[in-house]
Amino acid sequence: MAGAQPGVHALQLKPVCVSDSLKKGTKFVKWDDDSTIVTPIILRTDPQGFFFYWTDQNKETELLDLSLVKDARCGKHAKAPKDPKLRELLDVGNIGHLEQRMITVVYGPDLVNISHLNLVAFQEEVAKEWTNEVFSLATNLLAQNMSRDAFLEKAYTKLKLQVTPEGRIPLKNIYRLFSADRKRVETALEACSLPSSRNDSIPQEDFTPDVYRVFLNNLCPRPEIDNIFSEFGAKSKPYLTVDQMMDFINLKQRDPRLNEILYPPLKQEQVQVLIEKYEPNSSLAKKGQMSVDGFMRYLSGEENGVVSPEKLDLNEDMSQPLSHYFINSSHNTYLTAGQLAGNSSVEMYRQVLLSGCRCVELDCWKGRTAEEEPVITHGFTMTTEISFKEVIEAIAECAFKTSPFPILLSFENHVDSPKQQAKMAEYCRLIFGDALLMEPLEKYPLESGVPLPSPMDLMYKILVKNKKKSHKSSEGSGKKKLSEQASNTYSDSSSVFEPSSPGAGEADTESDDDDDDDDCKKSSMDEGTAGSEAMATEEMSNLVNYIQPVKFESFETSKKRNKSFEMSSFVETKGLEQLTKSPVEFVEYNKMQLSRIYPKGTRVDSSNYMPQLFWNAGCQMVALNFQTVDLAMQINMGMYEYNGKSGYRLKPEFMRRPDKHFDPFTEGIVDGIVANTLSVKIISGQFLSDKKVGTYVEVDMFGLPVDTRRKAFKTKTSQGNAVNPVWEEEPIVFKKVVLPSLACLRIAAYEEGGKFIGHRILPVQAIRPGYHYICLRNERNQPLMLPAVFVYIEVKDYVPDTYADVIEALSNPIRYVNLMEQRAKQLAALTLEDEEEVKKEADPGETSSEAPSETRTTPAENGVNHTATLAPKPPSQAPHSQPAPGSVKAPAKTEDLIQSVLTEVEAQTIEELKQQKSFVKLQKKHYKEMKDLVKRHHKKTTELIKEHTTKYNEIQNDYLRRRAALEKSAKKDSKKKSEPSSPDHGSSAIEQDLAALDAEMTQKLIDLKDKQQQQLLNLRQEQYYSEKYQKREHIKLLIQKLTDVAEECQNNQLKKLKEICEKEKKELKKKMDKKRQEKITEAKSKDKSQMEEEKTEMIRSYIQEVVQYIKRLEEAQSKRQEKLVEKHKEIRQQILDEKPKLQMELEQEYQDKFKRLPLEILEFVQEAMKGKVSEDSNHGSAPPSLASDPAKVNLKSPSSEEVQGENAGREFDTPL
């Protein structure tokens, strides 16, 4: 499907399942706040889970529609009686505390007007079971999106439950349920052989499901379905065969946008199962035949819903950053009516959260009571105050009952008391507990460039949006500002939109925070609202992490800061201004950061702006007044009804990808987005009103500005018929829906005076094509039991008019050829120029002149990358070669003709892949890394040799100094020897000292040599280890890169192959058309009648040949592709096989190097030592022992060539 997620979604939604205990019934005590009377009842649920009903001691039955139930509460969350006497009456039973046995069922038509059903169970376990089961039934998404058949069954169940004490069904209930036309009801009852007087009643056993269905068929006959049934094959027989039914489902009901591999068309066996399920006549079902009755049941069955159940389920990726989602958001959540007067309600927070909202607003003000408890209210208005603590408790109670994904608390903090702000923070910590996100997640630090965590990462967490205290300001100045805070205004000001141009704020009367433009703030309008909120204390500031409100300066500034945890709020007028001036920049901003839009202050009646405006810009928190159910709120409910009603909807891909730029005002097709064509035909309506009035249906489309069409279509008004009006009108066609993933279709029914009956909002991407019932809903999006509209929808990928003929020719060549011939004949008959037509057809120049035109209009030619790495070999015969004028070419054999157009395609070799730019670039990078590594080790070696040379010089100088001293002493001794009295033993002592000095010198040099040798060995080993590790990593990276390059090139080759296939088909058709032209030329010499006969035969045989040749060509192309794919696999495997081979070679190479290394170092040191000692001997500075047997020590600093030695030829090698 266009834009669909890859893979088939496994449905997680659970069907309605009513437990036995709810079916059998349980004893409860029912009580009311305004009465001290308690009523023992037996409470039950019908087996289908439609109604909650109870019978009192007088056997009178009351019903509660489960679709109206909002919540079920027990224990401390349930309502408790205030009257002590009433409490005493209720304290019955001996198992468990009274509080734990209390149940409150909350129900109502909308969020504001709610009622309570208060019950007391006799056991705690029973109270818990019923609470959980009732809440589960009331929030079941499949129950909220039932099939048409299920709604009709619900009406039947209601009639069966509302019986007299004798167990009979009063006919007045039937007349009341189908009140639009009493005469029709009377006639339908008579057709079922039932009494028709309003005061009569009938036994339940006489009103079976089959009788009820016959009654409905008579009350609401469906001639339009009979026509569809006949048109699709049942003209001469009263049934459809399994093949006809299969064609109907696959051709009419199947979505052509679906991938045929993931969502294959139905097969005979599957269709047979459907026939057996819906066909009431078992003998027909066994034969694979479906009657019109079975066909009607199938159309109203669960398999034929207008929206796939997978779209209702949680089917979107929830692991992307928070900024990539639209988030269901509420404005001034506590209000139940207008913005200036009315009651504030704690219950509104529960109701809004239960409805799927994930972002609520808390306008906090300083409490004026002695307890100094902060309150929530709309400042400087006549709205009432509610307790901040009670609101926090309500949020904690209902935060995650319907969705596990994070709650965002948008604080508008006007509390200018540090003590009360500390209380607020304490309540949040204590009541929310571990659910409150106090610290940022380890994976997502509050740093520039780091994206926000995902809804999946933040499951069951509550995040606070409040002003963050600036650490720059001192504590004293903070307190001073806090005490001086003037509470003369109220605003969202969790973040403030600050005009980027001077004077912009003064020129606009709309302020930047919630309700800043209210009339009671005239004095502060010009000043803006930057200081309208109180300074955040340390306690409140510590609660803020991922949602830090900041003043908006410009999109450029936000981009430079690149801090995803900073967000800004925009009043709707400022948001619209930015959207108009900088649409692309607004979308870019919303890819990384959150933005919140809220209604302008002049909407004192709590009306709403259209949220679609800001969804188009990717704004996440588009906050609305939930208490007002206008069109804008209906669109919002339609948006968040899907994806498991989680409150989060993944934005379209182009609004998330950093490499794509999206303009919401685009009018043309966006590259990469598959546009849709949508056609809607309103066929008929059923039970649209309970009055005998005329009705009509309107169709709207909402989406991007180019896609939006308000009141795009309106049917004629039916004449006094609300039961089964039929509209035979042309369908409304939305030719090009540019962004289907953000577009929705609204189908609404009205009475002739314009009174709203019901509607349904359907995402374009989720709509199933075909014949469907649209079960209508009321303003609050609650399903209506009987009203429905029967429609026929066509939806497909958009094809521009330019390519329509080409698409048709490629998809159905036979029909296309026939159509072309038919048009030619019609034109010839019209102009009476048969001879000229034949002459034109016979002219070979005509064919060649058409070729360029065909090439220009071929879609496959557009946007093709001709530099793609594909090396097709030229065919043996040039495709455009023409025979000599007048000559007739003999018909070619099938294989020869196919081979003449078939291009040989060869897979790229590994060596060719290695020449790809990205791979060569990586090799160069590795070359540089190895070069740098060797250079670093060369430097270390040079330094080591210099160090040893210095040491040698020190030893040598010490030796020379000490030897000189001994020789000097020896000279003195020789003078004394010349005296007769001096002893002779002095010379021998000096010789011994010199010998000892020589021995000491020799030993020092040997030690120095050993040390140098060991250090050089260690250094070279370290170099080899580094080289080996580096090369091992290079092998991994190069193999991975080569694999990626291979996959990319091979994918490009396969894409190019598709284009080649299309060109080959065209070439084949061209050649065959040329043969046909030659045959026509041959027939020119014959008389006209014979020529016409031969021409007709030629056309017939030509069509057959074209089909056969194309089929054989496709087979040859398929084999070629299989061979190419197999070769691709082989090459990828060869690449993978190179990795262990290269690693083994690397291991062996360095094993050999390590083995040779000690000897190489020894030889290197010996050679160096020989030269040094020889040099010193010539100068007489070497010890005599070394002069005769020099020690092998490196005593000089070699050149870089000497140091690198064997590395010179290999140091910059790369493994591949």
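Our numbering is plain: 1 for the first residue shown, then up by one each step along the chain.
Each residue, glycine too, has its Cβ placed from N, Cα and C.
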From S308, S1197, the one Swiss-Prot labels phosphoserine: S1197
From the candidates S558, S1181, S1200, the one which Swiss-Prot records as phosphoserine: S1200
Which candidate, of S483, S523, S988, S1199, Swiss-Prot gives the annotation phosphoserine: S1199
Per Swiss-Prot, the candidate from S454, S501, S582 carrying the annotation phosphoserine: S582
Spatial neighbour of H378 (active site) that is closest, considering only the recorded positions C17, S236, H331, S417, S582 and their CA atoms: H331
Least buried by Cβ count (within 10 Å) of the modified residues S236, S417, S582: S236
C-alpha spacing of C17 (S-palmitoyl cysteine) relative to S582 (phosphoserine), in angstrom: 51
Fewest other C-beta atoms within 10 angstroms, as judged across C17, H331, H378, which are the recorded positions: C17
When distances run from the Cα of S417 (phosphoserine) to each of the recorded positions C17, S236, H331, the nearest one: H331
Inter-residue Cα distance where the pair is H331 (active site) and C17 (S-palmitoyl cysteine), in Å: 36
Distance from S236 (phosphoserine) back to H331 (active site), taken between C-alpha atoms, in Å: 62
For H378 (active site): DSSP state (helix, strand, coil): coil
